[in-house]
Amino acid sequence: MSSHGNSLFLRESGQRLGRVGWLQRLQESLQQRALRTRLRLQTMTREHVLRFLRRNAFILLTVSAVVIGVSLAFALRPYQLTYRQIKYFSFPGELLMRMLQMLVLPLIVSSLVTGMASLDNKATGRMGMRAAVYYMVTTVIAVFIGILMVTIIHPGKGSKEGLHREGRIETIPTADAFMDLVRNMFPPNLVEACFKQFKTQYSTRLVTRTIVRTENGSELGTSMPPPSSMDNGTSLLENVTWALGTLQEVLSFEETVPVPGSANGINALGLVVFSVAFGLVIGGVKHKGRVLRDFFDSLNEAIMRMVGIIIWYAPVGILFLIAGKILEMEDMAVLGGQLGMYTLTVIVGLFLHAGGVLPLIYFLITHRNPFPFIGGVLQALITAMGTSSSSATLPITFRCLEEGLGVDRRITRFVLPVGATVNMDGTALYEALAAIFIAQVNNYELNLGQITTISITATAASVGAAGIPQAGLVTMVIVLTSVGLPTEDITLIIAVDWFLDRLRTMTNVLGDSIGAAVIEHLSQRELELQEAELTLPSLGKPYKPLMAQEKGASRGRGGNESAM
């Protein structure tokens, strides 16, 4: 008995000492960091300042562009510019969007093909499974945060009569929307997939139906006479009697039928599916696919060189994009009342997910400080805020992760294009939150089953968003239809969607970036084995470009991201 008591006492003492030791180590680490910062400030010279400015020129210019753009927009609002004048003013920003969108298509295809071809099937399968688990977990958490925030804050309290409606929403049946998603995964024409997506359209046709009624009002449904008897005279008499005792009624009505159609825009989902399959096949044929492998690798390098040129224009474009959007707002007063509370709820939810959940996942898996990493992708985040498209931000995200943070290119070339297409944490959070907000303004009480339906539908619908601007409004129709909420009430939140769209795009891009770092950390063993195999003399040459990493950037990331 005494030995058992002593063991319990020793175990509790050990746990207490462990907790004290952890706190002490954390305190010592913070003190050492503060001391290093103090020494760095004391020994700072003009040369150090210039080196810092050169190293962070992109980020400083981009942040300055955002501040100047917002200030310039509010300074010009009193002049009440016309729509044409605002479009002229926003023209430099439109040029940036067109430049980035020009690079999206070749970048997605070349990066996915080279990334898949550089890994064997077993390593690709494991990486794909980890990416799928990460995407699903973060999306489900985002939906849960959105539901929790809108339930706690309850921004829809009151009547919707005071809310301003704006725009029109096309109603799309849920089944047709999901079938379009699957259809777009397998485009019949790859050339057409570069500029068009399949989208179900609807037409009406006139249907005529003849209804036969008897004297007592019963419906026979057809105008055929009763069967004839053996006696011709009796048969004729019965037919005359039947005709006199019946009434034919012709009904005509219009029926809405689905027909094949299309919508302008890159079919990113179909190109991703094809590129992944094509890259796996090239990797499987080994030496026979060397020419194709080298071609797509050279194409990817050329595209990244073009990104390096365009990136210097990004601050100018972002300045005019943000300023133009603020100038387009007709009335800033729409941000008050219920809509203001709704906007605040979305911002809080996105902040909790992007500033809390995603960094926590990064820290728990990699055991590194997540905030230097987030600082490394800051330019991609600001670009996402300006363009409101995770696909258009993809070239900048590649540059930040590969050249700035030294993430393995075999990981980024697989994770980033797929993530920009299907991993939409911010969109999923927004859709779940907005659906419950619309239920609240209609005084509609949702039960647990309906909230669960919203969660599942928002998670699935976010996959089909495909990184296009304001896709959340389109997929929102699916979520509302699943629980019978009025889809026309989406017009209540359109007035602030341009702003919230930028914030959720930033969340999407951050989720993709952290996902790439997490999957790289979990795939270290496969990457090292693959590198050892590919450095053999018989296989070395074709794969060397893929294994060339930015050593300086990698060392910078290792020095900055020290464990907390």
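From the backbone N, Cα and C atoms, a Cβ is placed for every residue, glycine too.
Per Swiss-Prot, the features are as follows:
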TOPO_DOM  1-55  topological domain 'Cytoplasmic'
MOD_RES   Ser2  phosphoserine
TRANSMEM  56-76  transmembrane segment
TRANSMEM  99-119  transmembrane segment
TRANSMEM  133-153  transmembrane segment
CARBOHYD  Asn216  N-linked glycosylation site
CARBOHYD  Asn232  N-linked glycosylation site
CARBOHYD  Asn239  N-linked glycosylation site
TRANSMEM  262-285  transmembrane segment
TRANSMEM  295-322  transmembrane segment
TRANSMEM  344-365  transmembrane segment
INTRAMEM  371-401  intramembrane segment
BINDING   Ser388, Ser389, Ser390, Thr427, Ile468, Pro469, Gln470, Ala471, Gly472, Asp501, Asn508  L-aspartate binding site
TRANSMEM  411-437  transmembrane segment
BINDING   Gly419, Asn423, Asn508, Asp512  Na(+) 1 binding site
BINDING   Thr421  Na(+) 2 binding site
INTRAMEM  451-484  intramembrane segment
TRANSMEM  498-519  transmembrane segment
Cβ neighbour count (10 Å, all chains) around Gly419 (Na(+) 1 binding site) is 28
Given the transmembrane segment (133-153), which of the listed stretches 56-76, 262-285, 295-322, 411-437, 498-519 has the most Cβ pairs that are under 8 Å apart from it?
-> 411-437
Which residues, in sequence order, are found in the same chain with Cβ within 8 Å of the centroid defined by the Cβ atoms of Gly419, Asn423, Asn508, Asp512 at the Na(+) 1 site, excluding those residues themselves?
-> Tyr135, Ser390, Leu416, Ala420, Val422, Met424, Asp425, Val509, Gly511, Ser513, Gly515
Where Thr421 (Na(+) 2 binding site) and Ser390 (L-aspartate binding site) are concerned, what is their Cα separation in Å, rounded?
-> 8
Rounded Cα distance in angstrom between Asn423 (Na(+) 1 binding site) and Ser390 (L-aspartate binding site) is 10
Using DSSP reduced to three states, classify Ser388 (L-aspartate binding site) as helix, strand or coil.
-> coil
Based on Cβ pairs under 8 Å, which of the stretches 56-76, 295-322, 344-365, 411-437 lies most in contact with the transmembrane segment (99-119)?
-> 295-322
For Asn423 (Na(+) 1 binding site), what is the tally of other C-beta atoms lying within 10 angstroms of its C-beta?
-> 29
Same-chain residue ranges lying at least 6 outside the transmembrane segment (498-519) that approach it to Cβ under 8 Å | 127, 130-131, 134-135, 138, 142, 325, 328-329, 343, 346-347, 350, 353-354, 358-359, 361-362, 365-366, 370, 373-374, 377, 380-381, 384-390, 393, 397, 400-401, 405, 407, 411-412, 415-416, 419-420, 423-427, 429-430, 467, 469-470, 472
Could you pull out which residues elsewhere in the chain have a CB under 8 Å from any CB of the transmembrane segment (411-437), counting only those six or more residues past its ends?
-> 107-108, 111-112, 114-116, 118-119, 124, 127-128, 131, 135, 138-139, 141-143, 145-147, 149-151, 155-156, 268-269, 272, 275-276, 300, 342, 345-346, 349-350, 353-354, 358, 390-391, 393-394, 397-398, 401-402, 446, 451, 454-455, 458-459, 461-463, 465-467, 471-472, 475-476, 479-480, 483, 485, 490, 493, 500, 503-509, 511-513, 515-516, 519-520, 523, 527
Quick note, Ser388 (L-aspartate binding site) and Asp512 (Na(+) 1 binding site): C-alpha atoms separated, nearest Å, by 15
How big is the Cα-to-Cα gap, in Å, between Asp512 (Na(+) 1 binding site) and Ser390 (L-aspartate binding site)?
-> 9
What is the total of other Cβ atoms whose distance to the Cβ of Ser388 (L-aspartate binding site) is within 10 Å?
-> 25
Go through Ser390, Thr421, Asn508, our binding-site residues, and report the one whose Cβ sees the most other Cβ atoms within 10 Å.
-> Ser390
CA pair Gly419 (Na(+) 1 binding site) / Asn508 (L-aspartate binding site), Å rounded to integer, equals 8
By a three-class reduction of DSSP, Thr421 (Na(+) 2 binding site) is assigned helix
